[in-house]
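Enquirer: Take a look at this one; I'll ask things after.
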Amino acid sequence: MLEFALPSSFMSSILHTPSEVFRWLASIFLGITMCIIVYQVTGVISLLCFNDYGRLGKKERLERKNRGFSTFHAIVIAFASLYLLLFSDQFKGGSHGKSVINNTSTLSDSVLGISLGYFLSDLGMILWNFPALGGWEYVLHHGLSMFSIFLSLMSGQGQIYILMVLFTESTTPFVNLRWYLDVAGLKNSKLYMFNGIMLFTGWLVARMSLFIIFFFHMYLHFDEPRKIDVKALKITKREAIYIIFIGLFQNCYSAAMP
């Protein structure tokens with residue numbers, strides 16, 4: 001049975017200054033605000049630039065705008081994650097005098113906060129319009145995502161692995177474009193076929209290949225992941241493995257959903 005009681009050792013590791021807490025809350029609020037603005041802008045652009053928008057039903061209009069801020073978040077977070085993982089020195093071994101697992105920065109904290117704001121917004125829309133925008137599998141996916149981001153943000157641990165997973169959002173724009181083309185009746189167009197090729201390629205690179213790198217990195221730095229405070233949740237090893245595989249399954253499943 002899962003017990004979400006946080007021990008004193010974990011609580012002592014997540015005590016932060018008021019400025020840090022304010023920065024996190026500000027980034028979460030920014031993520032929510034971003035979703036609201038892009039949601040409204042998507043509706044305006046769709047009305048002005050797409051003749052078929054007026055013929056769509058209420059559900060399709062809602063989903064079209066929802067996928068608008070989903071696409072925007074995916075692009076922003078994918079580029080930010082790629083920069084932090086490959087081009088910044090944040091996760092270069094020993095660059096900050098501590099293990100890769102414990103490396104954090106204002107930018108990485110902000111990226112996680114913005115993403116948390118997005119997942120909160122999207123989950124709120126899913127529940128408010130349930131099940132128009134997705135069933136319980138989406139609720140589970142978003143719940144696991146927010147829980148892992150929250151723990152990483154509060155503890156300052158494992159951000160490199162959270163950013164790796166967030167980079168897989170790079171396939172989301174192709175998933176959403178497939179839906180847009182399908183609704184527009186362009187399923188037999190060359191653009192639909194080209195998008196399918198890009199989606200398949202992106203899925204192989206950003207989903208399958210990345211998780212090979214993910215686990216290979218954990219293997220090479222096996223001593224560092226073991227330093228993460230696993231006592232934050234009182235769960236058995238079997239339950240922890242189950243949660244990991246459910247999370248991976250949900251990640252792959254979300255890429256295949258229309």
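Quick reminder: no glycine exception, Cβ is built from N, Cα and C everywhere.
The following feature annotations were taken from TrEMBL:
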- 24-50: transmembrane segment (TRANSMEM)
- 59-258: domain 'TLC' (DOMAIN)
- 71-91: transmembrane segment (TRANSMEM)
- 111-132: transmembrane segment (TRANSMEM)
- 144-167: transmembrane segment (TRANSMEM)
- 197-220: transmembrane segment (TRANSMEM)
- 240-256: transmembrane segment (TRANSMEM)
Enquirer: Against the transmembrane segment (24-50), which of these stretches has the most C-beta pairs under 8 Å: 71-91, 111-132, 144-167?
Expert: 111-132
Enquirer: Can you give the mean pLDDT for the domain 'TLC' (59-258), rounded to a whole number?
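Expert: Here the predicted model's pLDDT, averaged over the domain 'TLC' (59-258), is 82.
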